[in-house]
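Engineer: This is the structure, below, for whatever I ask next.
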Amino acid sequence: VPYERALSWQRALHAERAAQLLPRGEQPARQLDDALILLQHPPTYTLGSTSTLSNVVDPAFDLVRTERGGEVTYHGPGQLVMYPLLNLRHYQQDIHWYMRSLEEARPCSGGRHVAIRTLGSLGLEGEREPGATGVWVGGAKACALGVKVSRWLTYHGLALNVCTEMEHWRGIVPCGLHGREVASVETLLASRGEAAVPRALLLDRAATEMLRHFGDVFGAELRAPTEDD
């Protein structure tokens, strides 16, 4: 899905939910469910709200500035991008809690975070680094996070490199971190000498695990949208 189209979906869903917010104690006639978007983008570089163009070395692809936090990053085929549109009033009104839940999930379930759990299901051990967002495997970044929270309603989210074309990262300084490597599930498994898995199969498995772990971490029941949504 083109990045700007998906961004327009998020903004529309966010605005629809923001319009329902009423003074404390009042309830809307119909409470909209939270929403979760999982997709891939064509090759695109995106800039966070405080990003600087100095970290764009070679703008080989479309460059889009967004309202999310974080520095420049890459989106492209083979990368699973998850956009949760949650009302944190139904969870915890704490942005730090939300970020760590996406990363670690300890506040929610006593386990570990959505992406770390997903990587674990794929045979890899992910970890956080103090002072840095995202998830790392063996010192290389495998998952990036960049969110926006307005009126306790979330959008933007996380991007997990599953079988991304790694040379596409060369046009930027990923997340503004000079000298740090970026990795994908595919390259990490190959570095351990594991047999290659067809990309479509690897993506399907990663998507299934990511959705499952998201539901577990946030205590959410996932269902496909209907015509009434």
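The chain as shown is numbered from 1 upward.
The backbone N, Cα and C atoms fix where each Cβ goes, glycine too.
Per TrEMBL, the features are:
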- 30-222: domain 'BPL/LPL catalytic' (DOMAIN)
- Arg68, Gly69, Gly70, Glu71, Val72, Thr73, Tyr74, His75, Ala144, Leu145, Gly146, Gly157, Leu158, Ala159: substrate binding site (BINDING)
- Lys141: site 'Lowers pKa of active site Cys' (SITE)
- Cys175: active site, acyl-thioester intermediate (ACT_SITE)
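Show me how these features fit into the shown structure, please.
Structural biologist: Taking a C-beta cut-off of under 8 Å and a sequence gap of six or more, Tyr74 (substrate binding site) has these contacts in its own chain: Pro43, Thr44, Tyr45, Thr46, Phe61, Thr164, His168, Trp169, Gly171, Ile172, Pro174.
Cβ neighbours within 10 Å of Lys141 (site 'Lowers pKa of active site Cys'), excluding its own Cβ and spanning all shown chains: 23.
Other C-beta atoms found within 10 angstroms of the C-beta of Cys175 (active site, acyl-thioester intermediate) number 22, with every protein chain shown included.
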Engineer: Over the domain 'BPL/LPL catalytic' (30-222), what does the predicted model average in pLDDT?
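Structural biologist: Mean model confidence (pLDDT) across the domain 'BPL/LPL catalytic' (30-222) is 90.
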Engineer: Using a 10 Å radius around its CB, how many other CB atoms surround Ala144 (substrate binding site)?
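Structural biologist: Summing over all protein chains shown, Ala144 (substrate binding site) has 24 other Cβ atoms within 10 Å.
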Engineer: Counting only residues 6+ away in sequence within the same chain, which have a CB under 8 Å from the CB of Val72 (substrate binding site)?
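Structural biologist: Looking at Cβ-Cβ distances below 8 Å from Val72 (substrate binding site), excluding near sequence neighbours, one finds Tyr45, Thr46, Leu47, Gly48, Ser51, Asn55, Val56, Ile172, Val173, Pro174, Cys175, Gly176.
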Engineer: For Gly146 (substrate binding site), write down the residues of its own chain that are at least 6 apart in sequence and whose Cβ falls under 8 Å from its Cβ; none is a fine answer.
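Structural biologist: The list for Gly146 (substrate binding site) reads Gly48, Thr66, Arg68, Gly69, Gly70, Thr73, Thr133, His156, Gly157, Leu158, given in order along the sequence.
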